[in-house]
Amino acid sequence: MGGGREAFGRDQARMAGEDDEDEDDEFRGVDTSGETASSGHSYLFWKKNPEVKRESRGSTLLAALPRKKMRWNRFKWTLCVSNTLLSLYSVVALVVCLLVWFDAWTRADIVRVGNTTELVISTVASLLGLFTSLIGWAGLLMNNRMFLAIYTFLFWVTFAFLVVPGYLTYKKRVFNLEGKINAQWSRSLGASGWLRIQDQLGCCGYYSPYVEATISQTCYSRSILPECKKTYIEYEDGILKKWYIAMFALVPVHVGVMVAGLLCSNHVTYRFGKGMMPKAYRLSLGSMGVIMDQYAHQLAEQYGNEVATDIITRSKSSTQLGSQLDVVPKAVEHGDEYDQDRAVFADEVIGRAKGEGGI
């Protein structure tokens, strides 16, 4: 897919000929009847066909050409390994976040109440990482450099969402955790938040059942349950430490994946396409006819109507222009004003147009 090292040879063609296949035809599926697929959009890259049949333009003849064995280069293998790592830790992180959201773990509801911001950002980071890896797989398997460019850009977005929850949890734990917990309990949680934390930790009230407590079946004025402050701070201290350690441990791995993607995403093949000029920029027979008409008018002004008429006659038919260009127009003397050097130059330009026009 995308050619090989032989594309850089000195004598390799850069303009496609009539029978040169394009990138779509090379991987077009061959059905059981022996004909090529009609649409050209069915890429059976997992099938190993001994030969691929292509249809020449302007002809119904199908020529069977041998197919080269496709190999991945070292850049593509490196990108495959790095994207596999990205997929793995993104999926693991997403599963952990979903288990917390669905309250599948013991005391997971405390995280949902007390660390909502960090949990949301971590979930978004895991989703972005998974989405980025899917874009990478699409670009890797299809050799699509546009997908790989988006892939390398999304690396930075994912990296930002990866370090933010690590920074928030580290800052919250290291810098006055007790003060932050005090402010959160009295200002942010509310009665419903108090109740959920009390049920999870088996406590009653922040300092006592009489201070910032929510009445429930286990928490009332004469309850013997302990206060929530000490237990809640100890739990937050442990969970925040595990959180930022996990986030910061992924940073060097993600940086390595980023470096591999940035260095290898543009080299999944040894060259762009087949190394030939794209169809949109090739000279067609009609375009070549127009160019020859304009050039013939210029020759008429310089050498006279006799030379110009001969060239115009040969360039009128756009469908048979290639065969007519096999005969290079000869210079015609025009009295004393004939310029031998200009005539030779005109012959060379027309011959070069025939040889490099891809016709």
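Along the chain as shown, the residues are counted starting at 1.
Including glycine, each Cβ sits where the backbone N, Cα and C put it.
Here is what TrEMBL says about this protein:
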type	residues	note
REGION	1-39	region 'Disordered'
COMPBIAS	7-17	compositional bias 'Basic and acidic residues'
TRANSMEM	77-101	transmembrane segment
TRANSMEM	121-141	transmembrane segment
TRANSMEM	148-168	transmembrane segment
TRANSMEM	243-264	transmembrane segment
Recorded stretch, among 77-101, 148-168, 243-264, maximising Cβ pairs under 8 Å relative to the transmembrane segment (121-141): 77-101
Positions whose Cβ lies under 8 angstroms from the transmembrane segment (243-264), at least six residues beyond its ends: 75-76, 78-79, 81-83, 85-86, 89, 93, 115, 118, 122, 136, 148, 151-152, 155-156, 158-159, 162-163, 165-167, 169-170, 173
